[in-house]
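My questions all concern the structure below.
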Amino acid sequence: MLPGWELTLCLLVSLGFHFRSFYEVYKVSREHEEELDQEFELEMDTLFGGLKKDPTDFEWNFWMEWGKRRLVWLFIGHMAVSQLATLLTKKHRPWIVMVYGMWACWCVLGAPGVVMVLLHSTIAFCVAQFRSVLLSWLCSLLLLSTLRLQSVEEVKRRWYKTENEYYLLQFTLTVRCLYYTSFSLELCRQPPSAQPTPSAQGASHSYPWLLTYVFYYPVFHNGPILNFPEFFRQMQQPELNSLQHSLCIVAKGLGRLLCWWWLAELMVHLMYMHALYSSAPLLESVSCWTLGGLALAQVLFFYVKYLVLFGVPALLMRLDGLTPPPLPRCVSTMFSFTGMWRYFDVGLHNFLIRYVYIPLGGSQHGLLGTLLSTATTFAFVSYWHGSYEDLWCWAALNWLGVTVESGVRRLLETPCVRETLARHLSPQAHHRLHALLAACSTSMLILFNLVFLGGIQVGKTYWNRIFLQGWPWVTLSVLGFLYCYSHVDIAWAQTYTVL
């Protein structure tokens, strides 16, 4: 570990960089407010003393609008129904929750939405009866592909009066795909039996349990992902809470959610980062300080946004006696590609490891097997997210980042290199080398994820301005700040996280 004074200095430099760069984004937002208002129609809002709001983050506005319209009330309804079922007829709670989920789906998506979810789930269930993992995967991928067929999209659009209703159906079917895929693959792992078995394991893979899993409403529209074995086990043996403990969970959970929501709203009122990213001329002309602030603001807003979007279902799951996947870890404590994938969306990571990476061999089949397993995993993530050009580029870059990190780690762990480093470097120097490598990794991690958040053009702009036109001073300054940033992150991980 570093001396206390050095770690404190790194912490102060990191905080100073955050605040200074955020202030630069705030200044640019104010200077170009009129121009951005004309182009993107900033929203008038009384929440923060009349500050205008950047409305260009589609995902945040979409879910907030649906939340205010119906979803909040349907979530409250689920909480009431689930708690009453636990008190009155605990044995039948899964089926009651399933029926409520179907009714809630009908309330927001109508009969066509319920039929589509049932149709996809039933097809996957029927194919899984062949006990073939390959067939089940092909079925899931084909069902997922139907969501992008133009002729099918036109039919689904005619079912609804607004685009938002259509998009809600698309998002719901996309997330449900992972759920019925998990169920199907678990069913494929069960040996076919000549006679029906009354055992819990046999009953768990029945059609009613598939519907209970798929229509569990807290995670119905947007996740997070909970693999079927965990869902079944926890629904069978939930951690029942006393009334006092449940009220405490609600109070703490709502308090956190309100703080996260308030912080997210404050960010889009003070910093028009999404509008600035959508304006190529402004992005090319702002200072490097502002560019750095925009990058940090984008990734931190994405983190806070998902604290809210995953925090609501996580709260309801805890009240149901289930253990939700951990919420995303703060991106300001990430210093590696591996850590980002492991700790941001834990539910999705668990799904990918269990059903894609390990079945393909993972690290058990040598270097080539690892590369192919990792590449296939990232390819599936890109395809599931929508299969756009930006997503394929982002997935390829992240695969490259994970591969290079893994290669460097293996090199440093070879006996020759490890002994050489131990002989010539003190523990403090070893820590500094770790931070230096982490700074390089973090710079690429931020750059590659900006491709996901802003598109390929935004990524090119950052690459050109920071690493090509900005060489050497801007590039080295960024790496210097990230070096300090990495020291703090590594110390935090060693103190609070079991790696």
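For all residues, glycine too, the Cβ spot is worked out from N, Cα and C.
Quantities reported herein were computed from a predicted structural model and do not represent experimental measurements.
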For the feature transmembrane segment as recorded in Swiss-Prot, pick the matching range from 336-352, 370-386.
370-386
Nearest of the recorded sites to VAL458 (GTP binding site) by CA-CA distance, picking from CYS188, CYS248, CYS330?
CYS330
Express the distance between the Cα positions of CYS188 (S-palmitoyl cysteine) and CYS330 (S-palmitoyl cysteine) as a whole number of Å.
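Counting only the Cα atoms, the answer is 36 Å.
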Suppose we draw a 10 Å sphere around the Cβ of HIS385 (active site). How many other Cβ atoms does it contain, all chains included?
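Other Cβ atoms within 10 Å of HIS385 (active site): 15.
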Return the residue, from the listed recorded positions CYS330, VAL458, with the maximum count of other C-beta atoms within 10 angstroms of its C-beta.
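When each Cβ's neighbours within 10 Å are tallied, VAL458 leads.
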Check the topological domain 'Lumenal' (23-67) for me and report the mean pLDDT.
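Its mean pLDDT is 91.
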Other than GLY454, GLY455, ILE456, GLN457, VAL458, GLY459, LYS460, THR461 themselves, what residues in this chain have Cβ atoms within 8 Å of the centroid of the GTP site's Cβ atoms?
LEU450, VAL451, TYR462
